[in-house]
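Read through the structure below, which is laid out as structure tokens, and then see the notes.
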Amino acid sequence: MASTFAHMMSGRKAVLALAGLSAGTLATGYIMSDSRSTAAIEKMKIYPPSADFPDLRKHNNCMASALSPAIYSRLRDKLTPNGWSLDQCIQTGVDNPGHPFIKTVGMVAGDEESYEVFADLFDPVIRDRHNGYDPHLMKHPTDLDSSKITSGLFDERYVLSSRVRTGRSIRGLGLPPACSRAERREVERVAAQALSGLKGDLAGRYYSLGEMTEEEQQRLIDDHFLFDKPVSPLLTCAGMARDWPDARGIWHNNEKTFLVWINEEDHTRVISMEKGGNMKRVFERFCRGLKEVERLIQERGWEFMWNERLGYILTCPSNLGTGLRAGVHVRLPLLSKDPRFSKILENLRLQKRGTGGVDTAAVGDIYDISNNDRLGKSEVELVQLVIDGVNYLVECEKKLEKGQEIKVPAPIPQFKQ
Amino acid sequence: MTKNCHNDYKMKFSTDEEYPDLLKHNNHMSKALTREIYDKLRSKSTPSGFTLDDCIQTGVDNPGHPFIMTVGCVAGDEESYEVFKGLFDPVISDRHGGYKPTDKHKTDLNFENLKGGDDLDPNYVLSSRVRTGRSIKGFTLPPHNSRGERRGIERLSIEALNSLEGEFKGKYYPLKDMTEKEQEQLIADHFLFDKPISPLLLAAGMARDWPDARGIWHNDNKTFLVWVNEEDHLRVISMQKGGNMKEVFRRFCVGLKKIEEIFKKHNHGFMWNEHIGYVLTCPSNLGTGLRGGVHVKLPKLSTHPKFEEILTRLRLQKRGTGGVDTASVGGVFDISNADRLGSSEVEQVQLVVDGVKLMIEMEKKLEKGGSIDDMIPAQK
């Protein structure tokens with residue numbers, strides 16, 4: 001099966017070489033592969049970029065902050081080698097002006113090349129979203145050596161569960177906003193086949209969304225594993241729900257500690273979790289599982305999308321780099337009421353969410369605490385940061401229980417470059 | 001730039017790999033789209049770049065309802081109906097009572113040809129309304145058009161509408177820039193349309209860039225209303241309280257003709273051809289695109305066991321007073337023509353006028369405790 005797509009593959013060395021070239025060189029090359037009709041080209045002349053420039057006056061997202069008429073004018077008529085355009089990248093941000101308090105990203109990639117061809121817009125968005133990380137000056141470190149982790153065992157009187165997630169894209173296949181049905185089905189085949197090769201504590205089973213039985217569906221709901229057709233307009237406007245539920249599914253190991261979502265918001269989302277506070281074991285399984293899946297897809301001639309500027313390539317720019325969110329559900333009844341709570345989190349580079357995930361409220365003083373950052377720090381660094389941070393929070397909670405003083409820690413620096 | 005469809009790239013995959021899974025689907029598209037037809041049409045694209053996958057996306061994403069048959073495909077431009085004939089012809093035939101690819105459609109907007117219609121009993125008919133849609137030649141349709149095109153449509157429409165005088169003198173309210181006061185007034189008048197929430201429309205890409213270049217125009221008398229860039233380029237509505245359908249239809253025809261003249265002057269007349277009449281986004285609206293109807297009180301007739309049969313024979317359909325997909329309130333129904341393609345505007349409104357008149361007579365008979373068995377009409 002890989003033979004159909006083999007011509008799109010490039011070895012990791014070739015990719016690294018390409019990534020080393022300037023964005024301008026790559027971008028110029030792609031105008032030549034324009035596949036538009038004469039009528040379409042005529043239309044481009046009747047409507048200059050200024051006629052199509054979106055009205056972003058009431059918008060508040062990273063794309064709207066970065067997109068100037070000059071940038072739009074330069075990029076509007078370009079296409080990636082797969083025929084994906086700028087307008088398609090930004091449609092979600094045009095359709096969803098955003099929230100006055102929460103700054104959404106407002107654009108997505110349709111393929112790996114989007115980040116190159118439309119670099120003039122993606123780069124400032126990436127800088128905005130990732131604390132000033134500049135893809136053209138900096139390199140992103142990848143490190144999945146879990147043996148480097150220290151003190152990864154939390155006090156289970158406070159930490160109820162631990163979880164690490166990331167995403168992976170299969171090089172050569174279009175991303176969820178752009179992929180055709182054939183590409184999406186190929187992602188499913190490649191991923192499910194690789195996962196079926198996992199053994200030992202990682203051995204498990206695949207459940208296709210379209211074909212699962214009612215019983216299987218109920219069980220997956222009870223386990224909190226099942227994902228639904230997206231309802232968020234941020235995702236639907238980006239075209240990620242097309243052809244639902246074709247080629248979507250869930251894989252998990254028999255022990256229910258390693259879970260993979262196929263063709264939801266990314267090609268794959270990989271999740272390692274367990275009850276309790278053994279983050280070290282969760283991360284160890286995470287790294288082992290990821291490396292094993294990578295080995296299995298490489299056996300068949302596939303690889304993950306990755307480069308040294310942006311790390312792992314995912315659909316949303318917010319997930320570039322590690323794509324990693326490591327977090328815990330932790331009880332912090334006293335600390336959460338302390339006025340310094342937000343500042344402590346900010347300095348530790350952590351974020352809080354309710355236990356239902358993003359956009360939910362905390363229930364019973366239990367918070368979801370995880371890393372803020374994704375790009376510019378390695379997986380090991382980020383997980384260690386979460387471990388150290390959560391340990392600090394638990395220490396604060398214990399101090400407050402005893403009526404002792406707590407301190408706001410010094411802010412952790414952004415990047416070492 | 002119009003929405004890009006990167007079709008050439010998809011041609012690298014086989015038909016089997018790309019053919020949608022329609023096993024659980026129930027819409028006109030899923031019934032018509034065989035693997036063979038998909039294979040034949042998937043390499044094609046209209047001159048503006050709209051492809052088969054673009055036409056059918058809404059039908060793939062919305063499997064449909066076991067009882068209600070949705071259409072499941074849309075046009076992206078005038079040429080879609082030609083280039084993808086292989087799909088649209090069977091869909092049109094299925095939706096429009098066996099209409100053949102060789103059939104010709106009659107257009108008749110001479111309001112004088114309507115007989116009667118000025119005397120529907122106002123004790124029963126609360127309001128009368130006629131609506132249609134129009135697409136402007138030279139622009140692609142809402143599923144496909146770019147912001148530049150949509151704004152071009154809006155500009156032309158504003159010019160055309162603002163030049164109207166007399167009973168048609170009115171004002172345009174762009175959705176983007178209306179004041180709170182204007183918004184409240186338009187809501188109170190039941191004129192304001194919202195960003196579509198129906199997944200049928202969203203999956204077809206019709207809500208892109210909302211509310212850019214969308215707006216509402218109405219005359220000072222509030223009897224003639226035009227929606228710009230909602231589900232079609234233009235939706236034109238003539239209405240008033242009471243039962244004078246003749247007057248509503250007159251104003252409808254006169255207003256449409258005046259608007260058309262102005263668009264023609266700019267070399268952007270309405271999309272029309274003698275096979276499918278007025279070309280609109282959804283195949284269900286081809287032909288006249290006309291829905292003429294009344295809100296009418298039929299508490300007794302509506303509970304009569306033969307009500308549905310009577311409607312079918314009269315070539316009419318019922319809806320609740322909130323419009324499509326709503327229930328009736330207080331025995332008041334929205335009764336309108338069922339047909340769009342294969343009969344003219346005059347013919348369709350005539351059916352409404354004659355049919356509603358008959359149903360009111362039936363209602364009155366039932367009120368007196370009589371039977372309506374000898375009044376059941378033959379199939380029209």
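Glycine is no exception: its Cβ is also placed from the backbone N, Cα and C atoms.
Note that TrEMBL annotation is computational and uncurated.
Marked as ATP binding site by TrEMBL: B:127-131, B:H190, B:R235, B:291-295, B:319-324. Here the Cβ of B:V130 (ATP binding site) has 27 other Cβ atoms within 10 Å, regardless of which shown protein chain they belong to. In the three-state DSSP classification, B:V130 (ATP binding site) falls within a strand.
The domain 'Phosphagen kinase N-terminal' annotation in TrEMBL covers B:10-97. Mean per-residue pLDDT, taken over the domain 'Phosphagen kinase N-terminal' (B:10-97), amounts to 95.
Annotation comment: TrEMBL describes B:124-366 as domain 'Phosphagen kinase C-terminal'.
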- Task: Measure from the Cβ of B:R319 (ATP binding site) and count the other Cβ atoms within 10 Å, all protein chains considered.
- Result: 18
- Using all protein chains in view, find how many other C-beta atoms are within 10 Å of the C-beta of B:G293 (ATP binding site). 26
